[in-house]
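S.K.: Sharing the feature lines straight out of Swiss-Prot:
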DISULFID  Cys26-Cys114  disulfide bond
DISULFID  Cys28-Cys44  disulfide bond
DISULFID  Cys43-Cys95  disulfide bond
DISULFID  Cys49-Cys120  disulfide bond
DISULFID  Cys50-Cys88  disulfide bond
DISULFID  Cys57-Cys81  disulfide bond
DISULFID  Cys75-Cys86  disulfide bond
Amino acid sequence: SLVELGKMILQETGKNPVTSYGAYGCNCGVLGSGKPKDATDRCCYVHKCCYKKLTDCDPKKDRYSYSWKDKTIVCGENNSCLKELCECDKAVAICLRENLDTYNKKYNYLKPFCKKADPC
């Protein structure tokens, strides 16, 4: 769910997921879609594509369990869809951390300027 995703982003990046990524670029946040503006925005684009592959669970609402061991996210689900959901969220959180150097405040609230993205 959005709760676990937010916790993962905070743990990996140290940034508030809502204020830092909730309206970032063309793809971060619930309403985002469009050609990525930078590597950070591309993380969110890939994340949305990952979500599109999930058919048996709701990424925004369905809860899953994970642990934070030695600064590493460990998904802990037996249900295959929830495990995949956790892995999608884990991947975006790690991607955002790995691309912290591309984060640019000018890309917050950019949605009206987004061009159509390539399909996943």
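Just so it is clear, glycine is given a Cβ too, placed from its N, Cα and C backbone atoms.
If you look at the structure here, what lies around each of the features I listed?
M.R.: Other Cβ atoms within 10 Å of the Cβ of Cys26 (disulfide bond), summed over all protein chains shown, number 24.
The Cβ of Cys44 (disulfide bond) has 23 other Cβ atoms within 10 Å, all protein chains considered.
The Cβ of Cys95 (disulfide bond) has Arg42, Cys43, Val46, His47 as same-chain neighbours under 8 Å, each 6 or more residues away in sequence.
Under DSSP, Cys120 (disulfide bond) is assigned to coil, being neither helix nor strand in the three-state scheme.
Taking Cβ-Cβ distances under 8 Å and a sequence gap of 6 or more within the same chain, the neighbours of Cys50 (disulfide bond) are Glu87, Cys88, Ala91, Val92.
Classification of Cys57 (disulfide bond) by DSSP places it in coil, neither helical nor stranded. Remark: Cys57 (disulfide bond) has Asn79, Cys81, Leu82, Leu85 as non-local neighbours, by Cβ distance under 8 Å and separation of at least 6 in sequence.
In the three-state DSSP assignment, the secondary structure recorded for Cys75 (disulfide bond) is strand.
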S.K.: Let me know how many other Cβ atoms fall within 10 Å of the Cβ of Cys86 (disulfide bond).
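M.R.: Total other Cβ atoms inside 10 Å, all chains included: 22.
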S.K.: Would you kindly give the Cα-Cα distance separating Cys26 (disulfide bond) and Cys75 (disulfide bond), rounded to the nearest Å?
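M.R.: Roughly 28 Å, rounded to the nearest whole number.
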S.K.: Quick check on the disulfide-bonded residues Cys28, Cys49, Cys75, Cys81, Cys120: which one has the highest count of other Cβ atoms within 10 Å of its Cβ?
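M.R.: Max Cβ neighbours within 10 Å, all protein chains included: Cys28.
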S.K.: Nearest of the disulfide-bonded residues to Cys28 (disulfide bond) by CA-CA distance, picking from Cys86, Cys114, Cys120?
M.R.: Cys114
S.K.: Distance between Cys114 (disulfide bond) and Cys44 (disulfide bond) at the Cα atoms, whole Å?
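M.R.: It is 14 Å, counting Cα to Cα.
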